[in-house]
Amino acid sequence: MNTLNRRNFPGADYPERIIQFGEGNFLRAFIDWQIDLLNEHTDLNAGVVVVRPIESDFPPSLSTQDGLYTTIIRGLNEQGEAVSDARLIRSVNREISVYTQYDEFLKLAHNADIRFVFSNTTEAGISYHAGDKFDDDPAVSYPAKLTRLLFERFRHFAGAQDKGWIIIPCELIDYNGDALRELVLRYANEWALGAEFIQWLETANSFCSTLVDRIVTGYPRDEVAKLEAELGYQDAFLDTAEHFYLFVIQGPKSLAAELRLDKYPLNVLIVDDIKPYKERKVAILNGAHTALVPVAFQAGIDTVGEAMSDTEICAFVEKAIYEEIIPVLDLPRDELESFASAVTGRFRNPYIKHQLLSIALNGMTKYRTRILPQLLAGQKASGELPARLTFALAALIAFYRGERDGKSYPVQDDAHWIERYQQLWSQHGDRQISTRELVSAVLSVSDHWEQDLSKVPGLVEQVTRDLDAILLRGMREAVKPLC
């Protein structure tokens with residue numbers, strides 16, 4: 001079987017115009033995949049040089065395959081049909097290590113064609129490391145490495161305004177572009193790199209905050225032999241992902257033309273503020289997950305896909321989204337409904353087996369951040385508690401019993417919640433406290449909820465009724481009126 005490289009599989013080559021910090025599965029199935037499409041369908045003509053930002057020999061360098069690898073995108077398309085699309089990605093030219101090829105790393109700043117910097121160095125990557133120095137080769141933190149590279153460019157091109165970069169981080173933190181910019185400026189000041197450099201940083205470069213959304217399942221270990229037989233070559237960097245993707249960039253409108261998004265439509269939005277899109281994702285995608293998990297699991301279901309194939313549970317989730325979450329969000333209704341439709345399609349993806357128990361991690365915090373704002377907004381708007389979001393809270397409290405059909409299951413949360421629930425459910429089982437007292441004890445933990453939820457009109461009463469129904473009749477019967 002052929003080995004994947006450019007000698008065996010000749011094709012288009014592109015000049016290096018993009019630096020990418022991070023060699024992982026996500027960027028390869030998200031950024032590099034999109035760049036590859038734009039290269040094929042427009043005149044973007046941009047090659048990527050991947051910089052491995054950490055000191056690691058695993059996985060091996062992409063350069064062992066001349067930057068080539070295959071993405072397999074699979075899931076339900078916009079028509080609800082199962083699709084699987086294999087694509088040979090040619091947008092990556094090579095990979096270098098900042099630790100073993102530091103001079104080569106600095107030389108990237110000398111390339112006049114480089115215009116964009118993308119990154120995904122994990123949530124911890126955009127952080128300050130006190131020991132980083134200008135002369136380190138390299139510094140530890142990603143922002144320090146980037147500062148050093150930017151200064152190299154400033155010095156090489158004598159501060160030319162047209163040699164600045166558009167810097168687009170993909171790390172999963174709020175306003176990642178702003179956070180990265182602040183740290184670069186901090187290092188520039190600490191290292192005394194001069195007022196002219198700082199002015200160039202602020203005027204010639206753009207730091208764009210982003211929202212990224214795609215489930216990337218990575219190397220398909222259990223299917224490799226079958227997939228490589230179908231492809232006709234060996235690929236040590238096979239990368240699988242779902243069909244859906246969304247890239248929201250907070251940046252200048254001119255960015256669309258620079259990336260040639262005006263010539264080929266991708267699901268990329270250039271916006272003035274990513275906040276409403278973050279709220280949409282958290283409320284609809286993450287909120288639906290959080291509402292679904294305790295209800296579906298206690299109804300005897302184990303995966304998201306199975307839940308969406310269950311008529312009643314699916315109806316519960318969809319009504320929660322369309323009747324209780326969407327009405328209180330601050331974006332056009334048609335945009336929200338389109339996103340919601342994509343979300344439920346993603347939940348049905350037959351290629352992803354998403355275990356409910358894995359999503360259940362830290363359920364109390366997830367409810368507070370993902371569902372509670374919509375519950376309170378709904379009550380404020382209509383004077384009534386949203387029935388399904390309230391029921392989901394009762395189901396969550398029931399979930400922390402840690403038992404289904406007489407068998408125990410692991411509940412993963414902060415130790416104080418585990419201990420608190422064990423105590424409360426033990427007292428409830430011994431009839432030392434009533435269901436109402438149990439509910440009140442949970443809702444009144446102001447340190448967690450950031451307010452005393454037991455004082456929200458009608459909430460204790462409704463959650464108590466729902467929880468009693470779950471305990472007396474079982475989840476299936478209790479949830480039926482809401483389906």
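Here the Cβ of each residue, glycine as well, is placed from N, Cα and C on the backbone.
Residues or ranges marked as domain 'Mannitol dehydrogenase N-terminal' by TrEMBL: 16-263.
Annotated NAD(+) binding site per TrEMBL: Ile18, Ile19, Gln20, Phe21, Gly22, Glu23, Gly24, Asn25, Phe26, Leu27, Arg28, Ala29, in sequence order. Cβ neighbour count for Arg28 (NAD(+) binding site) (all protein chains, 10 Å cutoff from its Cβ): 28. Look at Arg28 (NAD(+) binding site): DSSP puts it in a helix.
Under the heading domain 'Mannitol dehydrogenase C-terminal', TrEMBL lists 273-470.
Across the domain 'Mannitol dehydrogenase N-terminal' (16-263), the model assigns an average pLDDT of 96. A C-beta separation below 8 Å, combined with a sequence spacing of at least six in one chain, links Ile18 (NAD(+) binding site) to Ile35, Ala46, Gly47, Val48, Val49, Ile114, Arg115, Phe116, Val117, Phe118. For the binding-site residues Gly22, Gly24, the greatest number of Cβ atoms within 10 Å around a candidate Cβ is found at Gly22.
The most crowded of the binding-site residues listed here (Gln20, Phe26) is Gln20, judged by how many other CB atoms sit within 10 Å of its own CB.
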